[in-house]
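Single-structure report; data block below.
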């Protein structure tokens, strides 16, 4: 058997020899093999010795924890019968022998061995076998030691402690936070503590108690590097209180030796006791800083600071100040006597007595009192080594009283009473506030007076020796009287230095303002302009208190790295050109209840700056959602060393690659697929690509764009390599990086890279400090700031009305309260493009129809309508509509028709609920926008609207670039159903008269002369594109072939499609007939998708609109409508027509009177808006793809919409600057030359903008405005009220006794109103009659505009006198 290890043997008792231990170890720790077990007793014994854990495959001998006393182990026999104890828990590092017992795998039943005294938590005796369980304690936790150690490697009763961190109990209730520090190290440690290395960055209280007996440390000496932050902080609302209690006497009880200066010790640090260490002098403590034993109390805007440094009780020893106390921002006072050998006895070198000032502020009145009872606190001679530069400790006593607009300051320096010693001023007093002159300031109205008096003889008691000239020395400042009356300012200076100083004054240089001085500004007036900033000295502390408005600081107040700047701004209108940059080492306490102090032009680069606190929180939460992160396909792997975005927690992100289409199959190449490009020089620079499936099917050589391409020479590329990377931006406040899209950063506003960007997180903190107000007020950044048009006003008001009705119906259908039904918020509808364009007809198509006078071009107006919804503070574009309007000035067949060109949407509409009819609210809103547009066109006199239900292919975009992945692309059937549902609603609202399709309207008609010239011609329409291709095919055929094909046609087709009735046709007629025949075959399968919507009836034969007069129609034939002229010229018998197809069956005709529409012509006097971005659908899509304005995620949709609005506002500013005029709103004087307004129909020069018209209800009662606003000085439409007003004046003078005999319009109706008013029984009962109320409303309008003093209208003169008295 091998002997035990050496390290184990060294730890054994000396009287136990090696042979005995070997025999003992053999009996206890060696087990027989399983194959050698012969008896049941041996098997049971072997089973009990096996390890319980399955992971421990290797069995090793368990070394016992032998305890003292060892005198019982006197022989091997006693060992064999000994009873041993195994520890289960140990809190301290143990000797090597005990470590072996800790890691043991097996244990053996032995006789009892007496255990040594200790702190074992659990013991087992006899046959109880226990495996030791040790807890792993972190270095930051407390370490306890008990007992004695005889190990040579460790000193007895000494613990090396590196940090006592965070033994603090923190309680937070609401906005109130309390911290309590309780370091009862006596109870926890109980031993000597040796601090080996300085506790750097130990932010909590660290305290040590006990005595040290370790050899590495001196006896009863503790090396302390920092006693920081034993402070109890209580915060209640806006009131914060700090109390510092350093009872080091009770906690330490030993001598404290401060080895190095306590740098950056921001809280109170105090030392007590005596030092017996060899490195420090007897009973001398080296103190480098006694800082901030200050109790601060803040109530509302009132802040009070009290300084109490009772060093006598806390120190009780001599204080030796080795070096000057730099960066000591609070009151620093020293007491006692010095017995150090390097310094004189009972002399303290003082470099600064700063700011023992009590400040009290009540409302706009601020009072400061300085009390330096140095006699009681110091009691020793004060030696001022260097001049006190802006020494706040010797600052004069200032009493400030502010009553109304009168401001008074009084200063008194009783240095004799406070110091009690002679003051030796070595160098001249440069702005020494301790000897600052007494200033009395009086402000009465706009007059300000300042009086200064330097009674230095009385205050200092010594002669004043001025070595150098006084450069703006506030202590010797001249007496200045300033008077400000209106715009005239007068200053008077009087230098009575003989009286004040007692010596001659030699002024060598002008008094320049010393940057080291401290300026105390208390301004209660307006328009105070400080040309240069108040620069803060490194040693001084700047306290700025601005209680006024209109203070314009040209340059910022720069904060020194060492000083603390306390800024208390309770006003607004403070405009600082550059921000106040605070050093990292300094603490800036900012209390701002007003607008941000940053320059607005330098902060207008992020849209988040206009958000409220709630909007910023919602925006940040939306970026943290996992769906936002996973939606990005092109996200790169985030490396370990790569910095992630602070807002979305993602690294480098990629935009979706630009869409590429295969030249052979015209399909879009997937974003992550491969494609091939030709390597030939002829096609290398062009964008020609082939998808992988087409490349695999191609031959070795194949033609492409007129060039033969070698398949093996083509280059393989990845579409994912074409993706762009999202750009980053760094916050100027926290210096963290975010994606420009996450931070809603607008780089177009920071092209010169001089603007300051603040991230949403920092803006949230700033927003919380200014009472939930937007930091920057953008006046031209939202969708509502876009100019309104007549169409947008009509659609928006109609949409809001319909949403209210839907909400009421949903609440009624579901049985809920109307407040429980969510409504969409933040909807804004604007027309962003409206311009006149011309559609050019294909030359071959125009030459084919030249005999029918088919025009070569069609003028129309193109419009783009966008719907925005504010989501998390951002106006997101959720719906887009492109339309073309062909007005009454256009030729047939496009006259008075509109074409729904394209529409598109993204699925970000809120809320996501269903209506009472069971459809999505999002669908309801989009339907109402379309129905509203059709109604607007109907009122303007349009007769027909054409819709082509053609959905985009999967992966293809119509208007908005890159839709969300969760949004499904509808097929043709779903899209057609969507349009049919919308048209059914329009028919129920009597907006649409009839809905048919293109085939039934033009190809299956019962009337004659249905040729290609009757078909409307639109850009990009289904039938127009097909017709152009068919004409090219017809032109390739010869005339003989055309004649043969005409003979194959039926006689009915030839007669229906030809103008001639003789039966002879020429070549052009043949081409026309063949074209209509081919178009009919193409249109018939898709006729349900080609919808024709009739807004107003038009004549089937002449295609003219039937807007007034009689309209003849057939009840059996849906598409037959005749005007009066066509009916009179017809060959049928009066009152009937012949149905041609069914053997000339005769149908009866009916007639109806048509009421005229509001507009006789479709002339559009709305605002003209032009920009290159929305010139066409393809232009906007290409613009979005170029700048990566996509909508596939919410974060991208926010940023893209923000940038689109920026481009719109920029183009509108340029447009308004060119078209602005003197046309303004009469009420608010707003320029309405480039927007819409409401003109009064009675007052020729009175006009109201949309804001005044909407908000001012009285204005609408006193003036007569049209139903729709006007624009571009267009003449307004008359209304019914104007006709009634004219009829009232006529009816009172009318001589006809009967109403039927008078031909004046509305005369008999007005007379009936007056008769009813006299005989009304409802009004006589005291209740309100609606008919009488409407009459008196009309009379009130008449009174407001009537200029006749003898007006015969009833009550006109009485009401006019009342109106004059009010004015």
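Every residue gets a Cβ built from N, Cα and C, even glycine.
Owing to the predicted nature of the structure, the values given are computational and were not obtained by experimental measurement.
Copied from Swiss-Prot, the annotated features are:
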type: REPEAT; residues: 188-200; note: repeat '1'
type: REPEAT; residues: 223-235; note: repeat '2'
type: REPEAT; residues: 251-263; note: repeat '3'
type: REPEAT; residues: 286-298; note: repeat '4'
type: REPEAT; residues: 314-326; note: repeat '5'
type: REPEAT; residues: 349-361; note: repeat '6'
type: REPEAT; residues: 377-389; note: repeat '7'
type: REPEAT; residues: 418-430; note: repeat '8'
type: REPEAT; residues: 432-444; note: repeat '9'
type: REPEAT; residues: 459-471; note: repeat '10'
type: REPEAT; residues: 473-485; note: repeat '11'
type: REPEAT; residues: 500-512; note: repeat '12'
type: BINDING; residues: 903, 904, 905, 922, 923, 978; note: acetyl-CoA binding site
type: BINDING; residues: 1099, 1102, 1123, 1126; note: Zn(2+) 1 binding site
type: BINDING; residues: 1225, 1228, 1249, 1252; note: Zn(2+) 2 binding site
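Each of the binding-site residues 1228, 1252 was assessed for Cβ neighbours inside 10 Å, and the highest tally belongs to 1252. Residue 1126 (Zn(2+) 1 binding site) and residue 1228 (Zn(2+) 2 binding site) are 54 Å apart (CA-CA, integer value). Residue pair residue 922 (acetyl-CoA binding site) / residue 1249 (Zn(2+) 2 binding site) shows a Cα separation of 31 Å. In this record, acetyl-CoA is bound by 903, 904, 905, 922, 923, 978; the longest C-alpha to C-alpha distance in that set is 14 Å. When the neighbouring Cβ atoms lying within 10 Å are counted for each of the binding-site residues (1123, 1225, 1249), the highest count belongs to 1123. Residue 905 (acetyl-CoA binding site) carries a strand DSSP state (E or B).
Cα to Cα, residue 1249 (Zn(2+) 2 binding site) and residue 903 (acetyl-CoA binding site) are separated by 30 Å.
Take the mean position of the Cβ atoms of 1099, 1102, 1123, 1126, the recorded Zn(2+) 1 site; other residues of that chain with a Cβ within 8 Å of it are 1098, 1100, 1101, 1103, 1104, 1106, 1122, 1124, 1125, 1127.
DSSP assigns residue 922 (acetyl-CoA binding site) to a helix.
Here the Cα atom of residue 905 (acetyl-CoA binding site) is found 38 Å from that of residue 1102 (Zn(2+) 1 binding site). Counting only same-chain residues six or more apart in sequence, the Cβ atoms lying under 8 angstroms from the Cβ of residue 978 (acetyl-CoA binding site) belong to 923, 949, 970. For residue 1126 (Zn(2+) 1 binding site), the spatially nearest entry among the binding-site residues 903, 904, 1225, 1252 is 903, judged by CA separation.
Taking only the Cα positions, the spacing between residue 1225 (Zn(2+) 2 binding site) and residue 1123 (Zn(2+) 1 binding site) is 44 angstrom. Sorting the binding-site residues 905, 923 by the number of other Cβ atoms within 10 Å puts 905 first. Closest to residue 1102 (Zn(2+) 1 binding site) in space, going by CA atoms and restricting to the binding-site residues 903, 904, 1252, is 903. Cβ contacts within 10 Å of residue 922 (acetyl-CoA binding site), excluding its own Cβ and spanning all protein chains shown: 22. Within the same chain, residues at least 6 positions away in sequence whose Cβ sits under 8 Å from that of residue 904 (acetyl-CoA binding site) are 879, 880, 957, 958, 959, 960. Checked against residue 903 (acetyl-CoA binding site), the binding-site residues 1099, 1123, 1252 differ in C-alpha distance, with 1099 being the nearest. Long-range neighbours of residue 1099 (Zn(2+) 1 binding site) (same chain, six or more residues apart, CB within less than 8 Å of its CB): 1105, 1106, 1121, 1122, 1123, 1126.
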